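What follows is a set of notes on a single structure, which appears directly below.
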Amino acid sequence: MGSELRVPFDRTRNHPAALTTSKFGISKMELLKACVSREWLLMKRNSFVYIFKIVQLIILGTIAMTVFLRTEMHRNSVEDGVIYMGAMFLGLVTHLFNAFAELAMSIAKLPIFYKQRDLLFYPSWAYGLPTWLLKIPISFLECAVWICMTYYVIGFDPNIERFFRHYLLLVLISQMASGLFRVLAALGRDMVVADTFGSFAQLVLLVLGGFLIARDNIKAWWIWGYWCSPLMYAQNAIAVNEFLGHSWRMVVDPTDSNDTLGVQVLKSRGIFVDPNWYWIGVGALLGYIMLFNVLFIVFLDLLDPLGKGQNVVSEEELMEKHVNRTGENVELLLLGNDSENSPSNVTNAGGGEITGADTRERGMALPFTPLSITFDNIRYSVDMPQEMKDKGITEDRLVLLKGVSGAFRPGVLTALMGVSGAGKTTLMDVLAGRKTGGYIEGDINISGYPKNQETFARIAGYCEQNDIHSPHVTVYESLVYSAWLRLSPDVDSEARQMFVEQVMELVELTSLRGALVGLPGVNGLSTEQRKRLTIAVELVANPSIIFMDEPTSGLDARAAAIVMRAVRNTVDTGRTVVCTIHQPSIDIFEAFDELFLMKRGGEEIYVGPLGHNSCHLIDYFEGIQGVKKIKDGYNPATWMLEVTTLAQEDALGLNFAEVYMNSDLYRRNKALISELSTPPPGSTDLYFSKQYAQSFFTQCVACLWKQHKSYWRNPSYTATRIFFTTVIALIFGTIFLNLGQKVGKRQDLFNSLGSMYAAVIFIGIQNGQCVQPIVDVERTVFYREKAAGMYSALPYAFAQVFIEIPHVFLQTIIYGLIVYSLIGLDWAFMKFFWYMFFMFFTFLYFTFYGMMAVAMTPNSDIAAIVATAFYAVWNIFAGFLVPRSRIPIWWRWYSWACPVAWTLYGLVASQYGDIADVRLEDGEQVNAFIHRFFGFRHDYVGFMAVGVVGFTVLFAFVFAFSIKVLNFQRR
């Protein structure tokens, strides 16, 4: 054999099919077809996005064509031309923003792409080309909707050739924007990073596009940005197409060169008057479309996904990994225990036993009253779903629980089990009072007294399956916060802290006290550590009864054993603990004392003790004629579920629920329920003088404390916002350098107004967008904490609103000082004060508006769509694209309902509304022009200040009201 192995293998003897001759499994054309087919399928299944974008375009088009209605649009002066310019700019910007959805959709698909790319499913170009090509018809459709609605109604040049030229430019700008945002998605690879990149890109495109600031006023060091901005080419091309048309060829105000009105408008805005600029613009946009889509494919090919966050690893876990790797015989100890008093054993994947240590004295720094809970003939039903009615079902209600009865006692660990759909979690939610809808019938008693949900929430804990916690606080802070709000005010801070420490030791979290909780599956605690934190958060409330919804789901054997040991330790303190559990291992199943077994349809089929090695359970079911015996070493939990299926019932010709109802076990349980439903002699019903443990003021302080910790440790939100603001301030300051004092020409005033408008829109929208995911995550935590009776809705809303104020104030100071000094605005105290005042409240109301949108919608995705629609409308009525005085009378009311219009009024009027000693190029005073053209008066600045404060308070109030009234969590 040795001599054979020494001879090199002759590859020519291989079977032809054993060698791969190409990198990919099929030809390039087949690869492209497959990717096109998949992309088309994804687009069809994601059709809601495209339909919504079209509907949004129709709404915005309707507003645009009624605001810029041709009967109100004249061609008598250069000022009239500026209004037309605003209408054209609105069309370009609408399609630019409309493509922003491409960013989120591209990032959502990247993880799958990277996985399939690395497994050589297809090359990057085969993935990138269909993404681009299949969006081209979408662009044609969207732009056709817009131009057919607006072009002739607004009153652009009626020549049909110019109509189609206009249409082509809109299609090209739409395609260019889609390509740009795809490139940013491939480059950023993360939503926060790409969103920031996207905002910067939009900012540079718009500010240097030639509309907000004229070409002649752009500084030499920024002129490269003007020539690089795709929007500049679109703006020049669309303006040349319109203003060199037949409608603008009259000479209304003769100049030295006897220019037509159209040429005068172009010159006044710094736009090229050469008709060839239309085709230059078309060519440049085509070039950008090619460039961005090629770069998209290049970045897909070259870049790898960003590194994932790591879970927190405790010291004992590190020690165990070291043992497994090296084989050293190191004793694994739980932190908080010394080696002489080693606690319970941990099962590993190979098996073992879960036993609690002597925990009667652990976690007992604060006394509690052991309580039992009994329930008799509980029925729960919901309205019949429409889908089932359509199939011929005539009943009005669907019954999920059919008269179940039982009792849970102190110091007894009860497993609530059954197949999927049996009603385990439903029964637990009904008993815990967590259901938000449906119809509940039957009796529930707490130690003999009828259950009152408001008092019951004070003595009960509920560990949800999803382990919902604030991600940016530590384990210790999470427990301190829960104890602060849920323990009685009689407990002083020292006793509270001692109790928290003992609970952490009880559930073995001491080694993780300083670890950030993090987001599930992303960073922070592992799943098993989060489960233990969920248990601890409820334990620090010192409850007498604890419900746990599948505490071991999603865990491996070792992690499940650690969690179950924490559960066992909790029971051994004398509390009543009930767990829903799904197909446990033998070791976990043996840790329970009693079993409440349900069958599909919401009926109980076994309620009683398990016994040693589940002997009582096995004896009961083996005593039923026809049930097969359990094999030696077989998991009793698995066997029990197998022998009680509906198929087994049909085979045996019996109903396990009826068998149980006719058994001695059922009669003993009924007697126990009757006994525990009678109050013990000398006992009193649960009573608390108020609904919540702490006063309203303490709730506010505690919520604000947690929000402060969360914001301080979330630099991706707070630091990114400050960084974004600083960079934008420097960009604006250098683009509009020293333009603040130039007021000799109308264009100078337009430039200053453009800087204010761009800052308000960009930083404001960025604030509104960035806060939404933060509030969405915290709202999920709020639902759990409110249901646990920690606080009312108003303290949470107060903290969420109030914590933004110092952050926004810092943002305003940074932006205001940089921009005010660089632009060179007047340093008079009142002018500086009004500038900072309006910017502060503007940033604040945009932030509160973003929060309000989340509070009024089910999730941050829908909130972003709703908010974006209003941002687009605010953009139209802000007073920059079309001044209030030129808005048709039927829309003028909305300019007063648009918060951005109040901000721009205040900013412009406070800076320029009192300048009477400077005249423009035609001799008109600056303040007179501001009043005539924009309708702004300096003596109304105070009213504008009241208005922006009013919008801020209104959005904050609606946020608080929505949080209190609306509940999008359905159970």
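Each Cβ is built from the backbone N, Cα and C atoms, and glycine gets one as well.
What TrEMBL says about this one:
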DOMAIN    373-625  domain 'ABC transporter'
TRANSMEM  48-69  transmembrane segment
TRANSMEM  81-101  transmembrane segment
TRANSMEM  132-154  transmembrane segment
TRANSMEM  166-185  transmembrane segment
TRANSMEM  197-214  transmembrane segment
TRANSMEM  277-300  transmembrane segment
TRANSMEM  722-740  transmembrane segment
TRANSMEM  752-775  transmembrane segment
TRANSMEM  795-820  transmembrane segment
TRANSMEM  862-881  transmembrane segment
TRANSMEM  893-912  transmembrane segment
TRANSMEM  940-963  transmembrane segment
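Contact between the transmembrane segment (48-69) and the transmembrane segment (862-881) holds: at least three of their C-beta pairs are under 8 Å, each pair 6 or more apart in sequence. Segment contact holds for the transmembrane segment (862-881) and the transmembrane segment (893-912), given three or more CB pairs below 8 angstroms at sequence separation of 6 or more.
Counted as Cβ pairs under 8 Å, contacts with the transmembrane segment (197-214) are highest for 722-740 among 277-300, 722-740, 940-963.
For the transmembrane segment (752-775), the most Cβ-contacting stretch among 81-101, 795-820, 893-912, 940-963 is 893-912 (pairs under 8 Å). Comparing 277-300, 722-740, 795-820 for CB pairs under 8 angstroms to the transmembrane segment (166-185), the maximum falls on 277-300. Contact count against the transmembrane segment (722-740) (Cβ pairs under 8 Å) is highest for 795-820, out of 81-101, 277-300, 795-820, 940-963. Remote same-chain partners of the transmembrane segment (277-300), defined as residues 6 or more beyond its termini with a Cβ less than 8 Å from a stretch Cβ, comprise 113, 117, 124-125, 127-129, 131-132, 165, 168-169, 172-173, 175-176, 179-180, 182-183, 186-187, 230, 233-234, 236-238, 240-241. Along the domain 'ABC transporter' (373-625), the predicted structure has mean pLDDT 86.
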